[in-house]
Amino acid sequence: MAFFYISSSKLALLVLLCFTASYLLHCSAHSDHHGRHPHYASHNYRDALTKSILFFEGQRSGKLPPNQRVTWRRNSALSDGSALHVDLVGGYYDAGDNVKFGFPMAFTTTMLSWSVIEFGGVMKGELQNARQAVRWATDYLLKATAYPDTIFVQVGEAGSDHACWERPEDMDTPRSVFKIDKNTPGTEVAAETAAALSAASLVFRKSDPTYSKLLVRRAIRVFEFADKYRGSYSDGLKNIVCPFYCSYSGYQDELLWGAAWLHRATKNPFYLHYIQRNGQNLGADQSDNTFCWDNKHVGARILLSKAFIVQKLQSLHDFKSHADNYICSVIPWTPMSQAQYTPGGLLFTMSDSNMQYVTSTSFLLVTYAKYLTSAHMAVNCGGVLVTPKMLRNLAKKQVDYLLGDNPLKMSYMVGYGTRYPQRIHHRGSSLPSMVVHPTKIQCSSGFSMYNSQNPNPNILVGAVVGGPDQHDNFPDQRSDYEQSEPATYINAPLVGSLAYLAHSFGQL
């Protein structure tokens, strides 16, 4: 994420105002005939699913495997971790830059895993690709958590990285390593990492039980560290992680979210008791309606509601009510609605990377609809009955807008459809590949391409950009990182929604 052209102080204020505004706006799959859409599909959801997963291969850091499908990428950052004599090679670049940020990478992993957990059963041939995308992340997270009571949470310095426009293969900016530990806690990123490892353990429970057990054991240890040594990583590492991935919602949401995932992964009553004992203090009943890499309250409510709706765990009854309140807040035709939509019908939460809220909300809608359908339930929104079908239809409308059913008739997924963003804010995509230009492109030399109006030479297939503004406008400018930058956490929840839609329209 290249924020180098705005001062850090101004950007920090801008991001804080955006998050404040967003909070005021309120920041194993089964085939189900109830979920089928009888009408003609306006999109090839299967093709979009394939591309949404392929995108992650374009974001890979480290040594690429022989079966790498995004062939214009090459090995990069092969000495990551050496600054502290540890192996931190691998993982994902979060967006259009070359830094590895642990907090959004962990959230990406959790959401990609949740997509597979809920809808992997209908992914058919894409299931293995989705699992590989999860594993590329978890292999890295296992390295980052190899030492007890320590997590390596970032590789690279955002300031120096953003001052360059260079390919990851050419990187010569400092690959400094930053960590949290007992003395410098970071509960948000630790608990999110525990959530990611727990969720991923469910992805591999049947296909690789040994790896699954390794993941869940590590998750237990990491969550214990997160809970025991409480403190915000935005305090201890403020100059490193802010303003890029500061935590504005606090760490209480991640503790609830992490415990929820450990409860689902382990079935250990300890985590259920933890949730019952601490849920109120951790904000279980907060009325916000944003779900993103920073704020997990809504996701935790939906996740925990399953235990009540499907498994009839009466002690979690309140989470069904909290989940219903969230649903009512985003449904535009209910008296409890608090969400804003563009004239073209897109959920609009904030100007910076708004599509992340669209994809995360759409995923929660189809997932909650799945839970409700299994128990023959609906949601009462101030006297308005909202059925699972209504939730699915709203999710479909959001995904269809993303894929091209919008005033500009533009797909916001690169490589999908006939018209899509040409000048995305992404270093590797915008500069000549190593195949075409094998000699090094220096730090500042890349800005000639950055400032040009030429289309990106390398198509980052499947990348979903930040998207249009509140008036459905999209300038397609490389310098406009708010609207033109893709990110792993935009795609991760979309994978699940696309799998559901592709299946429900008979495309899988």
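Cβ coordinates come from backbone N, Cα and C, glycine included.
Summarising the annotation, TrEMBL assigns signal peptide to 1-29.
The annotation domain 'Glycoside hydrolase family 9' is assigned in TrEMBL to 45-497.
Neighbours of H425 (active site), defined as other CB atoms within 10 A of its CB across all chains, total 26. Residues or ranges marked as active site by TrEMBL: H425 (among others).
Residues or ranges marked as active site by TrEMBL: D476 (among others).
Around E485 (active site), a 10 Å sphere centred on its CB holds 23 further CB atoms from the protein chains shown. The feature active site is assigned by TrEMBL to E485 (among others).
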Cα separation, D476 (active site) to E485 (active site) (Å, whole number): 10
